[in-house]
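Peer 1: My questions will all concern the structure given below.
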Amino acid sequence: MIVKQHLIFILYSLCANVFKVAGTKSKAKGSQGQFPITQNVTVVEGGTANMTCRVDYNDNTSLQWSNPAQQTLFFGDKKALRDHRIELVRASSQELTIRISDVSLSDEGQYTCSLFTMPVKTTKAFLTVLGVPARPEITGFTKPAKERDVITLTCTTSGSKPAAHIRWFRNDKEVQGTREVNATGKSFTVRSSLKFEVDKQDDGVAYTCSVEHVSLSDPYLTTEVLEVHYAPQLEIRHSMIIPQEGLYFKLECVSNGNPIPEPVLWSKDGGELPDIERMIVEGRELTITTLNKTDNGTYRCEASNHLGTSSAEYTLFVYDPNALGQHGPDHALIGGVVAVVVFITLCLIIVLGRYLARHKGTYLTHEAKGAEDAPDADTAIINAEGNHVHAEEKKEYFI
């Protein structure tokens with residue numbers, strides 16, 4: 001009996017030890033089965049990146065950060081790499097956070113957080129560095145251009161990552177350029193070109209290059225204002241429609257050219273101005289103080305720049321104010337004629353309308369006239385047939 005009880009106690013002890021060992025192994029397995037938790041980080045070149053590694057629970061196991069070259073940065077709270085840009089933010093049994101300041105493109109890559117269990121558990125975090133594009137420059141234009149010259153505007157920006165996007169605007173309207181991208185190390189140089197023939201409408205036009213990039217809150221802009229030289233074009237404007245004797249009269253030579261054509265030369269009938277006392281030239285204006293019949297003729301202004309010469313002409317005829325009063329148009333007579341024409345037109349429209357209205361109704365043949373007043377269909381047929389004997393007398397009429 002005593003032996004039996006002793007055997008039962010031994011079996012009980014063995015079972016207790018087995019369950020104790022199993023529980024200890026299960027706890028160790030739970031501690032060692034987890035992986036560190038990290039997140040990818042994106043930062044603008046020159047900025048600061050925080051790299052965080054954490055675990056949900058830890059039994060005094062160390063965490064470590066390594067760079068893309070597998071150099072240890074921090075092992076727990078111990079700094080391993082001499083880089084003044086890298087500093088510790090937080091170190092505990094469940095978290096290891098480091099800060100990298102003044103980030104450069106060379107810092108980009110895959111960083112590793114290690115949990116030193118058996119075996120070691122690792123998790124990767126990718127640090128993306130955005131290269132900020134340089135402010136753009138426009139080249140290829142030498143002021144001034146001449147009308148019909150073919151020019152090429154090139155906008156260039158470097159140092160972007162990923163490659164920047166360039167847009168062109170002619171004043172406020174977008175125009176399409178030709179894009180070229182070249183890799184320079186880890187960054188890109190982007191060029192966009194516009195090639196076109198200039199004319200006088202391009203003088204003073206602003207061509208703007210806009211550089212857009214994910215690292216920029218607002219695009220970088222640079223503008224080139226074109227200066228285009230072109231030959232002059234002239235036009236003469238006059239101060240009154242009907243020049244009359246004794247009145248003041250002015251002619252203005254309006255020029256369009258770049259550079260502004262200077263000076264403006266006035267002439268009359270191919271020669272000099274005949275009366276410089278009454279014909280006063282001030283810049284682009286010719287003023288005749290008191291008109292008379294001798295001022296009749298063709299007046300010409302001429303101006304030039306280094307691209308050409310242009311001229312314009314105006315033929316002056318001075319009217320006698322008394323003759324205008326005697327032989328001028330009789331407005332009362334013209335008004336009367338217009339009134340008569342309008343009245344006749346209205347009468348014709350009324351007559352034509354009545355005529356069309358009278359002939360628009362139904363018409364009956366002579367044979368069917370008797371059937372119109374018949375009380376029923378049979379009588380109408382009889383009456384209509386009775387008229388067939390007078391077929392030779394059939395006539396059509398309108399009612």
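Heads up, the Cβ atoms here are built off N, Cα and C, so glycines get one too.
Marked as signal peptide by TrEMBL: 1-23. According to TrEMBL, the feature domain 'Ig-like' maps to 36-128, 136-222, 232-317. Per TrEMBL, transmembrane segment is recorded for 332-357.
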Peer 1: Counting by DSSP secondary structure, give me helix, strand and coil numbers for the domain 'Ig-like' (136-222).
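Peer 2: Taking the domain 'Ig-like' (136-222) as a whole: 3 helix, 54 strand, 30 coil.
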Peer 1: So what pLDDT does the domain 'Ig-like' (36-128) average out to?
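Peer 2: A mean pLDDT of 94 is what the model gives the domain 'Ig-like' (36-128).
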Peer 1: Count the residues of the domain 'Ig-like' (36-128) that DSSP assigns to helix (H, G, I), to strand (E, B) and to coil, and report the three numbers in that order.
Peer 2: 3 helix, 48 strand, 42 coil
Peer 1: Using DSSP, what's the helix, strand and coil tally for the domain 'Ig-like' (232-317)?
Peer 2: 3 helix, 49 strand, 34 coil
